[in-house]
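Working notes, structure below.
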Amino acid sequence: MRQNHQLVKVTNFVLYLALVLPVGTLVGQHGNTVQAEASESHSTGKGAEFLPSSGNSVLGGGGGGTGGHGKGYYRGPPHCKPHTFSSIQLRNGSIAPSHKRSGVFPSATCELYEFIGQGVERIQIVFSEFRLPSKQEPNECGETDILMVFFHIDGRDEVVETLCGDTLPKPILSSGPRLLLEFRSTFNNTDNKGFTADFIFLTNFGISTGYQPSPSECNFYYFKNASNQGWIQSPNFPGAYPRNIRCNYYFYGDPLDYVLIRFTYFDIEGVAPCDEDSASDYVEFSNFNTRDRKYPFYCGPRRDLIARSDGRFFRVTMVSNDRLDGTGFRALYAFESTLNMIGPGSGVIGSGGIYGVGVVGAAGVPFIPGHYQAATSSTTERNVAASVAKVTSGKRGAGMLAVNGARIAFHGDASVLLLTGVALLLFHLLPSLLGSQLAAANPPPMPPILVA
């Protein structure tokens with residue numbers, strides 16, 4: 001009798017466990033097996049084309065709790081087919097709607113693409129094909145087939161852009177380690193070709209040039225000994241740059257160098273005076289690590305914008321707020337020698353005139369907006385300058401003083417020429433008399449070089 005009573009207790013306990021424990025617990029091993037197989041199949045780290053079908057959805061790994069399954073995470077309509085990508089399993093690849101494989105476009109289709117990065121990673125989407133014709137105005141999608149873009153902002157997934165039409169969208173860069181794309185089709189339209197896009201998890205903010213010491217900060221360094229010239233750009237260019245971001249571009253040249261920045265495209269959201277009071281994003285120039293009041297802030301669309309440093313060090317900074325978006329900028333930088341130019345100071349040239357002290361080229365001829373070539377001095381002047389430069393070889397500013405003397409000699413009188421000769425002699429002797437007083441100021445310290 002006692003044994004029967006114990007058997008009833010055990011039976012009741014088992015039934016209690018079956019009622020209390022969730023069903024997912026009983027099939028957890030099967031789910032882990034599917035995820036492991038997906039992870040193993042993409043362990044090579046190479047780019048892969050992903051054309052969704054009924055059985056090839058990649059499961060997102062845990063990865064620090066960034067997966068979207070809690071409060072504030074958008075899951076789409078009930079009939080929406082999910083496809084989840086984790087940077088642990090796949091660093092880059094391609095996506096396209098299911099009908100791209102079969103060639104048959106079904107109506108009432110919904111597919112949700114979820115991208116889950118780790119830590120400071122962001123997701124960049126670059127479209128290679130896009131054809132979702134709209135029956136509305138060119139910039140209106142209405143009830144047509146659309147692709148919606150979600151960013152995770154303040155703990156919630158929010159729609160930041162809705163795409164449709166025949167124009168290839170610009171690149172998209174997420175605001176953090178999570179991004180959603182939702183594709184919805186409403187009509188059985190034979191003109192609808194869908195879309196194809198490449199995705200990549202990155203930490204360089206979509207900036208492919210320069211040296212970035214820390215993946216968590218938008219700081220990039222450019223050294224003369226690495227490259228004499230090159231390109232810089234805003235994050236995700238030519239797509240919109242992220243909100244609430246500060247990017248610094250540091251330039252380090254040789255002791256007698258200056259830095260020349262020529263913008264080929266410039267469109268920063270904002271209005272004059274381009275500061276926080278006007279709720280503007282802006283670009284700042286400085287000869288120091290701190291604020292340089294010689295330069296104003298710059299925003300809005302500009303053409304033929306050129307900036308030049310005082311010396312071997314220069315900083316360009318872009319700052320964005322949390323309001324509106326802009327396309328950003330692209331610029332060509334070059335390290336130039338002061339021996340090839342005349343004129344003190346630095347400045348910026350824009351379509352509205354000269355700002356700061358001004359920028360000048362060889363032989364004292366100002367730069368002309370839209371033209372990078374500096375004017376050249378006459379052959380006679382250059383010959384005299386070369387002769388004087390031999391005497392003052394290795395002295396700071398010798399080239400500038402030499403050309404100045406040459407211009408005075410052939411365009412002034414004899415008395416001025418005599419004074420110029422005395423000045424050249426003093427210039428040759430002063431360094432040994434004054435010592436370090438004529439040495440150039442040291443630029444800010446360079447960042448530590450990280451060894452992988």
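Numbers run from 1 along the shown chain.
A Cβ is built for glycine as well, from the same backbone N, Cα and C atoms used for every other residue.
According to TrEMBL, the compositional bias 'Gly residues' annotation covers 58-73.
What TrEMBL lists as domain 'CUB' is 80-202 (among others).
Residues annotated as domain 'CUB' in TrEMBL: 218-336 (among others). Taking DSSP states H, G and I as helix and E and B as strand, the domain 'CUB' (218-336) has 3 helix, 56 strand, 60 coil.
Residues or ranges marked as region 'Disordered' in TrEMBL: 37-76.
For 416-440, the entry in TrEMBL reads transmembrane segment.
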Residues in the domain 'CUB' (80-202) grouped by DSSP into helix, strand and remaining coil: 4 helix, 65 strand, 54 coil
Whole-number mean of pLDDT values that fall within the domain 'CUB' (80-202): 87
